Amino acid sequence: MMAAVKRLKRVAALQPGFISFKSSAESDDLNSGRRKRVNKNKKKNWNKHSDIQDVEEFLDDVRLQERATGGLISEKPDDSLFFVDIGEQKKSVRPEVQERKKGKKSKSRPLRIDLILQHDSLVPPPKDVLAYQQPNAKKLRRIAENAEKLAAMGVLPRRQKRLLNRRPATKTSKAKTAANNFPDRPYYDLWGGEAKETADPYYLEQTGKRRVKRPEKLNAKPSILPAVEVIAPGGSYNPDFFSHQALLLEAHEVEVKRERAELRLERQLAVKREDTATEETVFQELVEGLVEEEEEEQEEEEDVSIRGGLQQEKKTEKERKRERADKIKSQQKQAARVFTDKKQQLFQLRSIQATLKRREQRTRERVAQRKANQEAEKSMPRRLGKLKFQAQDLEIQLSDEIPGSLRTLRPEGSVLKDRFKSMQKRNMIEPRERAKFKRRLKVKYVEKRAFREIT
């Protein structure tokens, strides 16, 4: 820091041709005092006892000259500082102009408030570097240079190629609406078919006057089963004997399947005789853990002896070379066997073709079977929820329950339940079960005093 201060003082003292605005008497009076001898080896004394008054005065004088004259006076040319005084020149003023000046004040003279607010410094404003900066300027410059090189070589950029390769848009002529005042227009049947839409289709869709085209999948039914299934002939109030027996057989098979499923579940949950506890098994459980300690110690000793005897000896270099040669020979034999198999396949073209035909036939059969299964699944209920669909019980009457007339017919089942099961079967709703409500608080029964008196 001391070196910088001395250098600035030296610059202020040895400026060639520097002319100061201020008188040098003030600076001489300030510097004429006796200098105080201070130890400047310590940093705390640098700012405290350093005299930079002459440097500050020099810099203030330079700033004053730049504000007043736009630069240093020593660097200004003589023409800008001096002029030749040749006296006042009489100007010939026209009488018309003189009369006009007398009648009307000159408007070119600015107001004093405007003069006060004007910028009086001749120093030009600093250049705004941020105004000239451009983000990614280097990258954009490199891209422009590459584009110029490609243009000189006759290569078009990718975006321009895409624009050239685009197909021209086909202009569709809009249908003109017929005027209402046209006398030769055809008659419109008010009670006929659908009215002809003459408005713009986009306008109709946005205003909701015409619905958006539904996807074909939404029009497809979830099942091919009819909404109302006709019951079998044996379910009539006065059925034929054979049709009634066929319906009874079908109901009997359903009950047999249900009983078999219950028996299977009982067998799976039943306790086996082998699993039942006996006196021997109870005794073994009581003694377990007392006798095994000696056996475990013997097993550990045997393991230690086996590990000591199974230590492999280190192979010699000769044995390693022999193993490497055997491995190479086995690989060569394997490659030779693969090569001979490929050669033999040339003589098996007929059998290979027959195998391919059988495989294609099997593939076709599988495709046909898959399609048949898909068609069959259309009439079957799908798994839509966590519960599986359970068919409704057959509504049937026994032979001795069949009424003789329609008047004595007893109704079977429920129409509401039948419709609910039909919707589940047609995959319209998922199978459900009745919600089970549990009481949070137990019901408390209280015997009233009046009831106690009566009893």
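The backbone N, Cα and C atoms fix where each Cβ goes, glycine too.
Per TrEMBL, region 'Disordered' is recorded for 24-49, 291-337, 357-379. The compositional bias 'Basic residues' feature in TrEMBL is assigned to 33-47. Residues or ranges marked as compositional bias 'Acidic residues' in TrEMBL: 291-303. The compositional bias 'Basic and acidic residues' annotation in TrEMBL covers 312-329, 362-379.
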Tertiary contacts of the compositional bias 'Basic and acidic residues' (362-379), as residues 6+ beyond its ends and Cβ separation under 8 Å: 223-225
Secondary structure content, the compositional bias 'Basic and acidic residues' (312-329) (per DSSP, counts of residues): 13 helix, 0 strand, 5 coil
Per-state residue totals over the compositional bias 'Basic and acidic residues' (362-379) - DSSP helix, strand, coil: 17 helix, 0 strand, 1 coil
